[in-house]
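Engineer: The structure that follows is given in the form of structure tokens.
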């Protein structure tokens, strides 16, 4: 169900979702949307165990706590199979409104390792000059 705008929304009850809580069928809820992550288990950067622990339930708060990247959020959309039935939405805990934050970053990959590497080089040069003077 990649293009939900072309099709009617498929609703799943909480009871239906809870049945999909194993490695053969791994469903979870994020922001009232239902995701089938069975084929993504082995690819998940945090390991498949993290997803299996959340399977069959609402993982919204844990998903937001981790602080997933924009790319991860876009990728997650490809696994949407429907939505939690409106009658069941009150049965799950609402995530704290303060947890729903996204950080847009214009920094690229090099800031994650080049800046620390240069800093380490500067510190080692300072140490070398300091020890050579004594």
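Placement of Cβ uses the backbone N, Cα and C atoms for every residue, glycine included.
Per Swiss-Prot, N-acetylalanine is recorded for 2. Annotation comment: Swiss-Prot describes 7, 10, 19 as N6-acetyllysine, evidence class similarity to another entry. Marked as domain 'Cytochrome b5 heme-binding' by Swiss-Prot: 9-85. The heme binding site annotation in Swiss-Prot covers 44, 68. For 109-131, the entry in Swiss-Prot reads transmembrane segment.
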Engineer: Could you break down the residues of the domain 'Cytochrome b5 heme-binding' (9-85) into DSSP helix, strand and coil, giving a count for each?
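Structural biologist: Tallied per class, the domain 'Cytochrome b5 heme-binding' (9-85) gives 35 helix, 20 strand, 22 coil.
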Engineer: Do you know offhand how many angstrom separate residue 7 (N6-acetyllysine) and residue 19 (N6-acetyllysine) by C-alpha?
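Structural biologist: If we compare the Cα positions of residue 7 (N6-acetyllysine) and residue 19 (N6-acetyllysine), the gap is 25 Å.
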Engineer: Within the domain 'Cytochrome b5 heme-binding' (9-85), what mean pLDDT does the predicted structure show?
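Structural biologist: Summing pLDDT over the domain 'Cytochrome b5 heme-binding' (9-85) and dividing by its length gives 89.
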Engineer: Could you state the CA-to-CA distance between residue 10 (N6-acetyllysine) and residue 19 (N6-acetyllysine) to the nearest Å?
Structural biologist: 17
Engineer: State the Cα to Cα distance, in Å, between residue 19 (N6-acetyllysine) and residue 68 (heme binding site), rounded to an integer.
Structural biologist: 26
Engineer: Cβ atoms within 10 Å, counted per site: which of 19, 68 has the most, among these recorded positions?
Structural biologist: 68
